[in-house]
């Protein structure tokens with residue numbers, strides 16, 4: 001028997017309104033921001049004079065996979081909402097109940113499959129960034145960090161596959177069994193990102209202290225300002241994930257907003273990192289070598305070429321720094337980027 005909208009409980013109507021707003025307006029804004037940033041990253045990666053490197057090609061392919069999978073998830077969610085709220089208004093329990101009951105149809109399945117694919121690739125990128133940041137540390141420390149991160153990542157993939165297996169049955173995304181299966185995968189993903197955020201933030205903070213001690217205070221350093229720390233450590237993604245898992249666990253209607261945007265935020269955070277990599281502003285493997293004290297012994301004059309933000313507005317990307325005596329540096333010159 002059909003149920004009119006006026007007969008539905010207030011809580012159901014409220015959840016439906018939040019879901020509709022999330023899947024249309026909020027999701028559209030996040031997708032637009034993600035797409036604009038993707039285009040900017042691709043332009044920065046491909047439009048340069050130097051020949052493409054393996055890192056450049058891999059970065060372009062990686063962010064393309066992220067953008068396509070996130071776009072498919074957004075498109076599938078938008079289609080499901082359009083169909084439910086346009087043609088199933090009289091469905092018993094309302095459109096949101098229809099979406100829950102028809103969760104195993106092709107379009108909803110496409111939405112959650114592409115969501116998990118996006119999560120896997122985004123988490124893998126964070127795993128890669130941690131390995132880059134800890135490339136120059138003691139071998140035992142590096143091995144311990146990578147082992148812990150890789151173990152958590154394997155847990156994310158395994159629990160996600162189990163969650164997908166549950167969703168392939170007649171269980172809905174918001175059912176008791178799906179929630180029990182989904183919370184571990186989301187929690188492990190949040191754990192990985194929070195752990196990665198902490199590790200990268202610690203590395204950047206220690207590097208900031210090292211540069212201030214040996215190179216002097218530099219306001220425009222591409223590695224040590226607060227914005228760089230927030231972007232490099234993917235704080236946006238970690239914060240968004242924590243809020244989502246809390247709302248999902250307590251079954252709060254706000255979870256619809258977080259769920260519809262989380263897939264895009266998972267891509268926005270890595271895109272910000274890749275953009276910094278393409279511009280030469282991100283932490284690279286040779287950055288760690290700068291903090292090794294044996295590279296600049298006392299009494300020696302060493303010229304080191306570094307990328308610096310101060311040279312870039314004039315179309316220049318490299319400046320020379322002379323290390324003398326106690327390994328303090330002074331900018332010698334800016335040279336044209338090649």
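Cβ atoms are placed via backbone N, Cα and C, with glycine included.
Taken straight from TrEMBL:
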type: TRANSMEM; residues: 12-45; note: transmembrane segment
type: TRANSMEM; residues: 57-85; note: transmembrane segment
type: TRANSMEM; residues: 110-128; note: transmembrane segment
type: TRANSMEM; residues: 140-166; note: transmembrane segment
type: TRANSMEM; residues: 186-206; note: transmembrane segment
type: TRANSMEM; residues: 226-250; note: transmembrane segment
type: TRANSMEM; residues: 256-275; note: transmembrane segment
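Touching of the transmembrane segment (57-85) and the transmembrane segment (140-166) is ruled out by the presence of fewer than three CB pairs under 8 A, sequence neighbours closer than 6 excluded. Below 8 A, the CB atoms of the transmembrane segment (256-275) and the transmembrane segment (110-128) form 3+ pairs separated by six or more positions in the chain. Proximity of distant same-chain residues to the transmembrane segment (110-128), defined by a Cβ-Cβ separation under 8 Å and at least 6 residues beyond the stretch ends, is recorded for 62, 65-66, 69-70, 72-73, 76-77, 80, 149-150, 153, 156-157, 160, 163-164, 167, 173, 185, 189, 192-193, 196, 234, 237, 262-263, 266-267, 269-270, 273.
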